[in-house]
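Below: the structure, in structure tokens.
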Amino acid sequence: MDYQNEEQIEQQSRELKRLRENVQKKTFERWTNRFLTEQQYKVKNLLEDLRDGRRLIRLVEVLQKVSIGRPNRGLLRVQRVDNVSRALDVLRTTRKRVRDPRTGALRDGQPIVVGVGNENIVDGDVTLTLGLIWQMIRHYHIAMIAEELTAGGDQAIAQGAKSVNEALLLWCQQKTRGYANCVPVQDFHKSWRDGMAFNALIHSHRPEAFDFAQLNPTDRLANLNHAFDIAADEFGVPRLLDAEDVAVDDPDEKSIIIYVTDLYSALNRAKTEETGSKRISNFLNDMQNGARRAQQYEANASGLLDWIRRKVAWLESRGFPNTVAGLQEEKRSFNQYLQVEKFERFGELTNLEVLLYDLQTLQRNEGHRVYTPQAGATLEDLGQAWARLEAAEQAREAALVAELLRQLELEKRAHHFTSVMLPARLKTLAELGSAVASLRVGDDSLKEAEDAWERLLRVQSAIHNQEAIRFEPFYKAAQRLIEENYHDKAGVARHRDDVSARWAGLTEAFAEKEAALRPYAEMASAAKEVEVLRAQLQALRESVTSCDTGTDLMSCEDFLARHRISEQELIALHEQVNRIAGRARRLCDGRTTGAPAMSLSQKLMALEEDYQGLLQAFADRRRRLETARDFLQLIRSCEDEDSWLAEKLAGLGRLQQQSADGHGDLRAARRFVSRLQTEEAEIEHRQAVKFAHLCSTCESAQLQDGADNGSDIDDGDKVAVQTAKQRQQAVSDWLSRLRSGWRDLRRLLHACQADAAQRLDAQQFFASAGEADDHMAGVAPLLAGRDVGHDAGSAAALLKRHQYLRKELQAFGSAETTGELAGLRETAKRLTSDGDAAAAKAAKASDGKETTDDVHSSLGDEEEDDDFNEGEEQSAEDSAVADGDEDPLIAVEEPYEELVTEIKMQEAEEPRRIQRVVVSHAYQARDPKKRDLSAGKGDIFELLQKTNKDWYSVRDLTTNKRGFLPAIYLTEISPTTV
């Protein structure tokens, strides 16, 4: 049983909800169609028609007064969702500014739509679709009515309402209070179901429309239809509700609120229209009064503007008087205008402003069209004109003051010009004229002429200074007064012209005096320049009077260089001397008599004599310096020659000592002879060329010094003569010493050559003897053999060989001179006799007689040169270069195979240091002549010679084979001993 009751209750609840939703849907459709006036947007079924979003977008555009854009066609679901989303986005972002009840500050309220999704509308959700329309009604319809209620002046409603519904409810209670048979309005559903509340609201605003007492409270449908009909007919309220939907036990609250809101709006508008009819009677009177005031305003404004234009033209004029008195009178007139005339006109301007304000205020309060003055007569135009007037006043006042100050300044300057500047300039002109007149011109001495010219220059300086300091400012002051239109500018011009004429006379008199004194002044100036040049010549003379020529060649060259500089100075002075001489002659030509001309001529003659004497002194000094330089250069050449002779004597002594102490072979003897031949050639060439030239130079120097000694000399040149004698003696001593040295060198060279020839013969003898001994030792076994052959042929061969050997031995041992053995005997005898002669000569030298060995001892003993043989060997190799074409691989060709063999033997027998190189990259021999070697990376060779920049001469340390390798393939490493 309980289960059935709950089911019935739930079913009834669902039925009531459905009925309420139907009522709301019907009401909301009618409210929506009030705004969707276009036929294609009319709503027939709210839930279905809003699903595509097109009508929703249009409704939002109308209510929000915005353009959302063209909607989609709405055929697809995604297009519908997009349309609904665009409309709801506008509603979600729109917020109304509300005032905080506690602080009174404005803040953003809640958005129009809350809690409604795009899909809910597209899916036709009943609750949310109706909720969306209700939220829009509250914002765009009910909230506006609530603002009118709270702002309409009713304090009870404004203070008691906490929400929109409460404000509307308070208004309804206020209007229905006191009506009989009317249920007190406590809400917006049950209080309205009998229709009495609707009729009470209408009757309270329009009592003559019907008799409220005739209504029957029990007839709900009749009362509701009566109220809805009167509201629609009398006040134009749309019939949103049906009587059947309201005359139920629990009518829909939202539908009633919407209709009551419309009813309030219509009743309030009707009340306003009734009050306007009462004012029509006063409208025409106010219009006529306003027209009269407007005419008065225009007339007064036109007159004021004309006056302003005339005054502005007067104020902008600048035709001021040119005197201080006239300007002061003009200033009084201007002050009179400001204090009287302008004050009166300012009162007119103020009255115009009051008149226009009263007229416009009256018209605005009465609801008439507000009068607007014509263009050019508005208050803004009057204000601008008055501003131009005041600006012109300020400009005129400033111009008056400036002009007055200018005139006062002109008066002050004019007074200073006439009372101070003019008397001072006249006094200055008188003083300068007296000074010019006092200048005397005559044929006096140069000193007096110079003094007169200096006085003239002082007067000239005073004239220039006064012109710049006094007269130019005087002229400028007069010109300024004239240009600035001083009223007595004619008098200022007369004073200026008078001073200018006197100044012209003064300058003319000064020019005459200057022309008369200038020749004498130029003579005095020329005499001064002559004295200055004589002083400079005297200073140069002091630099050439010294007899010092330096103690050595460097100091002598320094003296000579400074002398050349002094000569350049003398040449520069020569140009000045010629210039001043020509100038002085021109000055004296016109004045052959008189003390200044004679004095200048005497000074000029003395200058020329000094210059000629200085020229001769410079020439003598240069000759002495050059002679001293030549002598010192000759002494240095003698010293160099003496050093060379000493070096050669020492070198030949060392060679002779090495030859005497050494026990070399035939090759060493030959190298020694070759070395002596080279030394002999060098000595003969130097003696024939350099020493002969040196002897000739010394003899010429002796002859020159002898000529200087024999010439006529003054007492002042005794020192120079003594110096020449000392130089001649020194040259003679050096010449004797050098000739003795050359004789010693020749004797020592001949001795060395004799020793070398003897040594070469001995070595050749021993070599030939050794060869003969070897030959006989080789032949002896053949002769001592017992072999006689084993047959006739072999015996004949042995016999033939025996006969050949016998002939050879006979030829070798022949007693004739042609035999080798005879030649050896002759050589041995000659070497023995030469040895005995050398021994006798040595014994004689030991007794104290001078021999070649004495010469050696006088030159001093030197340390033996252990590397002589190697040095001579290398010299011989260097001189034996082949005459064929040069090969890029070979720098030096060795002339003798024996020399190579000997070097190899020495290298194999004696330890020595060798320079090594390592191969950085493998190289394959490719020379057609097979002069280069093949080498692998890392192979080590001995570096014999850097032939050129591209090829090095090397030796293989393993095979002792020589050849060439590219330089870029080799890297030098540390040397070693082998």
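Along the chain as shown, the residues are counted starting at 1.
Here the Cβ of each residue, glycine as well, is placed from N, Cα and C on the backbone.
TrEMBL annotations:
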- 22-141: domain 'Calponin-homology (CH)' (DOMAIN)
- 162-268: domain 'Calponin-homology (CH)' (DOMAIN)
- 839-888: region 'Disordered' (REGION)
- 844-856: compositional bias 'Basic and acidic residues' (COMPBIAS)
- 860-876: compositional bias 'Acidic residues' (COMPBIAS)
- 912-975: domain 'SH3' (DOMAIN)
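Mapped onto DSSP classes, the domain 'SH3' (912-975) shows 3 helix, 33 strand, 28 coil.
Across all of the domain 'SH3' (912-975), the predicted model scores a mean pLDDT of 87. In the domain 'Calponin-homology (CH)' (162-268), the DSSP tally of helix, strand and coil residues is 68 helix, 0 strand, 39 coil.
Assigned with DSSP, the residues of the domain 'Calponin-homology (CH)' (22-141) fall into helix, strand and coil as follows: 70 helix, 11 strand, 39 coil.
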